[in-house]
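S.K.: Take a look at this one; I'll ask things after.
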Amino acid sequence: MSNVFEGYERQYCELSANLSKKCTAATALNGEQKKQKVSEIKAGIDEAEALIRKMDLEARSLQPNIKGVLLAKLREYKSDLNNLKSEIKKIVSGNLNPSARDELLESGMADAMTASADQRTRLMMSTERLNKTGERVKDSRRTMLETEELGVSILQDLHSQRQSLLHAHNTVIFSVSCL
């Protein structure tokens, strides 16, 4: 293994252990002390990321048989660092005091109420339009049925007139043939 990689690894392990302790301590703090501890932890995380990048570059420059082992270690270190990042996010998100949280919730509720009223108004308007459209469809259907009945009546009249004309035609032909 590379001495350079081992040096970076040793620094990272010490830094990681130190950051874990600081995270544990930060959960017990409040106010300005907590903010200060969080900023220290974030700076340490940045430093740890830089060390991981250096270890990655060093590992990739080595022979393939050693490189595989070192890259596996790096994946573990990256996972460890991601755990630290998520822990610091939890600490920061738990940093809201109850009154600030209540204010956020109240403003969210006011926005939700306004949005709900707007949605209700739009829904009522849409329902009214739908009802009017339904009435127009019913009127159109009624007109269509009346028109259809009228058409049937006209066709029946035309049929009876045709029958009358055919009967008259046959009578005329019979009369002419008799003469």
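Backbone N, Cα and C atoms are what each Cβ position is placed from, and that goes for glycine too.
If you look up TrEMBL, you'll see 67-94 marked as coiled coil. The domain 'Vesicle transport v-SNARE N-terminal' annotation in TrEMBL covers 1-90.
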S.K.: Hey, which bits of the same chain come close to the coiled coil (67-94), Cβ under 8 Å, at least six residues off its ends?
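M.R.: Residues 1-2, 5, 9, 12, 16, 19-20, 23, 26-27, 34, 38, 41-42, 45, 48-49, 52, 55-56, 58-60.
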S.K.: Where DSSP helix means H, G or I and strand means E or B, what are the helix, strand and coil counts for the domain 'Vesicle transport v-SNARE N-terminal' (1-90)?
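M.R.: With helix first, then strand, then coil, the domain 'Vesicle transport v-SNARE N-terminal' (1-90) has 82 helix, 0 strand, 8 coil.
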